[in-house]
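Copied over from TrEMBL, here are the features:
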{"type": "BINDING", "residues": "A:100, A:101, A:128, A:129, A:130, A:131, A:170, A:199, A:202, A:224, A:253, A:279", "note": "pyridoxal 5'-phosphate binding site"}
{"type": "MOD_RES", "residues": "A:225", "note": "N6-(pyridoxal phosphate)lysine"}
């Protein structure tokens, strides 16, 4: 098929796309193709206005009274409840605050406290590093009481012995995009007497999630990817209602049952609020809320359908490049096991990602050799996929990647 | 002296005030007297513009490339270095990130690791609650290895026995404003073999601090008080260069020596960056930086002189009210021991603070009976102090505090 025909076909699919209207709700420069929404989501236009209001009116005019008057105090819970609607959780089971890493620590220690006598924290090798690092920090501090272990990704369920207190897994793998069956894994872990913490950083807003249906224990996730909450956005933590008597180690004053009584002893709040710690990050929360509000306007089923269709189109268009230039699919083909991204391995992966940037395509490189293309159905068009592969072909045909300055490696998730 | 004469006198002092020009750099509504800058600092006018730029340009246009292109990655260290100039620390000894509470946890566990064989975390009763709560969380998690203890404020140095690993004290007490002698206390703690963590939440930007001169070990503090960093602003952590081999338990990926190598094992960054944990909160950091930048324009000696002068004037004007209406000074009179606030105890303290609000004076109530008046020399005028006491007198003379709705207690630091 020629480029023109392809473009016409893509334009037709864009015209029929029920989600097409959402693209205009984001600030996206003409010409730019942004395939890194799973590192940092694009800016919703409403966010700038909302932040300007929070700053000038709520902070500038309301000052300290805005903690109650502008509902800053309850923002972590209110936004958590909104995220809960995306993730199949109940009201009062999610709180938005702190970073993903800090929330992993809270979830790990809370889950540990519910499994006395069990010493192992289990994850998979190749998990996103911070998940395992946080486990290792707990091991180091525990003085031998806790062990952090990882197993081969395909064998992690076989490693569920009677010493495992907590299994920490990412539902959608950050590099391959492989999706874990949350209900099945949770059931197996429960059968082995362990609790599960799900890292939903690449799931929330990208694929349908049903925490309640999966009988999930704990979950954490990131606000700045598919939730479009902004750089370093507050993260969130899910604790099933049945686990909310667990006490997180990070017992800061905002997790107290009566923070403004200034009592001498820590007495955790009865519900999900005990997973708060310090004073909530109001500006970051406001941006996160704007991102979540926008996502809640879309139908998750439609998002998933389009995400898969974008991926199918991407893989179809890539086939000649795989044959000609040596790209190898590094993500799942099976829709049931595929997140909202496609990835290819290529020995020149890093340089190619750099060269694509010069053609106004932003993708992501992940060591050692993976080009990662995030597919954000809220603001990507079918024509963007066709155009991306055309520009990629140009990079390869002209060897535009062979520049000395691309040898210097630097990347940011 | 009559009101008019007083007002003329205050106007004269305002006219001679070398810091007078700073008031116009803040958004402050005419008529409002804001005496709660030690709960939430006022909004610097530059902050709104800076945030708008970070959102529209750095996030909206630069997207993921801004982590390097707009220097987001190094913001925690860059802002830490700026705060270091306010606090007498060296470059590379302070990092800005996370909440005060989370940073307390990092400092406590890092200090503990430097004192093996010692089990006690010591603080003073009446310390700001989150400090002690974080100690209690560590105790609960430690399985008996660590004990969190508090001593009477006047006897805390006597409690430094050979089991104390860490002494955690707030330099300027949140309620009384009492200032601790940092150098002397640190020396005594070192003599007893303990390390000290200073909570500088009510010190930074309020009184001169010399962490280096005091041979301080660790410190943490809050970004949203006198630093004017905005609601829930990122906090900061100081670790003296000699202690930066200590490993904080919160071993997130941003504290890794090579975060973007995605290695399997945690290997802490060599310097202060190891006290980072998750992805830095970019929006909050941008607002914090604007606040700190403004403060760095002022001379700390001038700020301190004016702060004390405002306090002296406040106490002088309050004397008739103490005699007539039963206010009792609840903060230090001695300038050497007084922070940037004055406080009065009164049995109707809560109701009076509410009634003052209706006269456009925002002060703070702290249990059980303390009216706390924060003195922010950057934006307060002498005339504001005179006017505050006049409005307070009106509240008392008319018993404006005696409203049923004021009985319902609610307050936010």
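Each Cβ is built from the backbone N, Cα and C atoms, and glycine gets one as well.
Neighbour counts of Cβ atoms within 10 Å were compared across the binding-site residues A:100, A:130, A:170; the minimum falls on A:170. Residues listed for pyridoxal 5'-phosphate, A:100, A:101, A:128, A:129, A:130, A:131, A:170, A:199, A:202, A:224, A:253, A:279, cover a largest CA to CA span of 30 Å. Sparsest Cβ environment among the recorded positions A:202, A:225 (other Cβ atoms counted within 10 Å): A:202. Proximity to chain B (Cβ-Cβ under 8 A) holds for none of the recorded positions A:170, A:202, A:225. Between the listed binding-site residues, namely A:128, A:253, the fewest other CB atoms within 10 angstroms of a CB are found at A:128. Cα distances from residue A:225 (N6-(pyridoxal phosphate)lysine) to the binding-site residues A:100, A:128, A:130, A:170 are smallest for A:100. The DSSP secondary structure for residue A:170 (pyridoxal 5'-phosphate binding site) is strand.
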